[in-house]
Every structure is written in structure tokens, then in C-alpha cells.
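**Q** As listed in Swiss-Prot for this protein:
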{"type": "DOMAIN", "residues": "1-146", "note": "domain 'Ferritin-like diiron'"}
{"type": "BINDING", "residues": "E20, E53, E97, E128", "note": "Fe(3+) 1 binding site"}
{"type": "BINDING", "residues": "E53, E94, E128, H131", "note": "Fe(3+) 2 binding site"}
{"type": "DOMAIN", "residues": "153-191", "note": "domain 'Rubredoxin-like'"}
{"type": "BINDING", "residues": "C158, C161, C174, C177", "note": "Fe(3+) 3 binding site"}
Amino acid sequence: MKSLKGSRTEKNILTAFAGESQARNRYNYFGGQAKKDGFVQISDIFAETADQEREHAKRLFKFLEGGDLEIVAAFPAGIIADTHANLIASAAGEHHEYTEMYPSFARIAREEGYEEIARVFASIAVAEEFHEKRFLDFARNIKEGRVFLREQATKWRCRNCGYVHEGTGAPELCPACAHPKAHFELLGINW
């Protein structure tokens, strides 16, 4: 691959790296808040997403060739709010990344002859779209009071011990390990 030095793509990589790195930290902070708010599954989703953002940043960082590079970029300077607000803010950031930032960065990389980097930008955008959907789905569940309650009987799994409960809602305490309702999630069987 030809050198990135002085290209717009080099600046875009560093901008995306900085954004992914900051998102990782925000998601770790938001995960802590979710746990405080009684949403262990959402806390774990924030942690998982933070790890995925770290991997995006690492992939991008490996393209850089060293030295100092000045970029001008705006990043969210928000606060740690309640879990619902944190999910909405996170979804907005992911939306920007997959609808505007990464498609633009991929186009510029192609124009400058960096096809591999363009593919990476486009691939990261796919992950960001999934992140947005998941954040919005959890936000909707909080707003509608559906995190631990459903109209139809379903199966709920304790994330701490694996106990499975069937009913319209998660139990207040797990009968197997005595952990609170915060540790339950809908049982998802994807194998």
C-alpha cells in the first residue's frame, strides 16, 4: 500500500481512531451507570460494545505510519446521565458514524487509492449500525417498562447463575442464587 502521509485518509483514520477510543470510554462509563440503575444486561451490552469499539480503533491505528498529525474534530462532551438517556446519546453517535462519517471516509479512501482502508471503513459502519439498533431497542424497552416484564409468558435467564424462570416477568430475586431481578434477561437461544 502506498504511504498515507499527507493524505486526507490519514487524517480520517486518526479522527476515527480518536472517536472510537472516546466512544469506548463513554460506553464503559455508561455501563457503570446502567449497573447502578439496575440493568446488568445493559451494563454488559455497554461493556461488549466498548470492547468492539476498541477493536475498531486498533484496526485503524495499525494503518497509521507514526509521527505527529494534527486533526480538527468535534467529539461528544456530554455527561453520564441515566441509562435511558445514555442509550439514546450512544445511538445518536452510532447513527452519525454509519450514515455519515464512515461512508464519507470510505469514499475519500477510494478516491485516494486506499481500497483496503475503504473496505475497513465500510465494514466498521456495518457494526455501528447494529450498535445503534441495539441501543435503541434497549432504550425502548426501558421507556415501555419492558426490560423485566412482557405481556406473554416467556423464559428469563439469570445472568449470574443460569437459572431459567418462565413467566411474564423476571422474579424479584433469583430462587437459585438470590441475586436481584437486575441480573435477569430474556432467554435467547441462538445455537
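Cβ from N, Cα, C; glycine included.
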**Q** What average pLDDT is reported by the model for the domain 'Rubredoxin-like' (153-191)?
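**A** Mean pLDDT, the domain 'Rubredoxin-like' (153-191): 93.
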**Q** According to DSSP, which of helix, strand or coil covers E128 (Fe(3+) 1 binding site)?
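**A** Looking at the DSSP assignment, E128 (Fe(3+) 1 binding site) belongs to a helix.
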**Q** What count of other C-beta atoms do you get within 10 angstroms of the C-beta of E20 (Fe(3+) 1 binding site), across all chains shown?
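**A** Other Cβ atoms found within 10 Å: 23.
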**Q** Just jot down the residues in the same chain as C177 (Fe(3+) 3 binding site), at least 6 apart in sequence, with C-beta under 8 A of its C-beta; none if empty.
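**A** Long-range Cβ contacts: C158, N160, C161, Y163.
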**Q** Calculate the distance in Å between the alpha carbons (Cα) of E20 (Fe(3+) 1 binding site) and E94 (Fe(3+) 2 binding site), and round it to a whole number.
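**A** Here the two Cα atoms are 10 Å apart.
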**Q** Tell me the coarse DSSP state (helix, strand, coil) of E20 (Fe(3+) 1 binding site).
**A** helix
**Q** Measuring Cα to Cα, how many Å separate E97 (Fe(3+) 1 binding site) from H131 (Fe(3+) 2 binding site)?
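**A** Here the two Cα atoms are 11 Å apart.
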**Q** In the same chain, which residues outside the set E53, E94, E128, H131 have their CB within 8 A of the centroid of the CB atoms that define the Fe(3+) 2 site?
**A** A23, T49, Q52, H56, S90, G93, E97, Y98, A127, E129, F130, E132
**Q** Where does E97 (Fe(3+) 1 binding site) sit in the DSSP three-state scheme?
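**A** The residue in question, E97 (Fe(3+) 1 binding site), is helix (DSSP, three-state).
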**Q** Say you check the Cα of C174 (Fe(3+) 3 binding site) against those of the binding-site residues E94, E128, H131; which is nearest?
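**A** In terms of Cα distance, C174 (Fe(3+) 3 binding site) lies closest to H131.
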**Q** What Cα-Cα separation, expressed in whole Å, is found between H131 (Fe(3+) 2 binding site) and E53 (Fe(3+) 1 binding site)?
**A** 10
**Q** List the other residues in this chain whose Cβ sits within 8 Å of the Cβ centroid of the Fe(3+) 3 site residues C158, C161, C174, C177, in sequence order.
**A** N160, G162, Y163, P175, A176, A178, H179, H183
**Q** Go through C158, C161, C174, our binding-site residues, and report the one whose Cβ sees the most other Cβ atoms within 10 Å.
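**A** Most Cβ neighbours within 10 Å: C158.
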**Q** List the other residues in this chain whose Cβ sits within 8 Å of the Cβ centroid of the Fe(3+) 1 site residues E20, E53, E97, E128, in sequence order.
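**A** Along the chain, the qualifying residues are A16, G19, A23, Q52, H56, G93, E94, I124, A127, H131.
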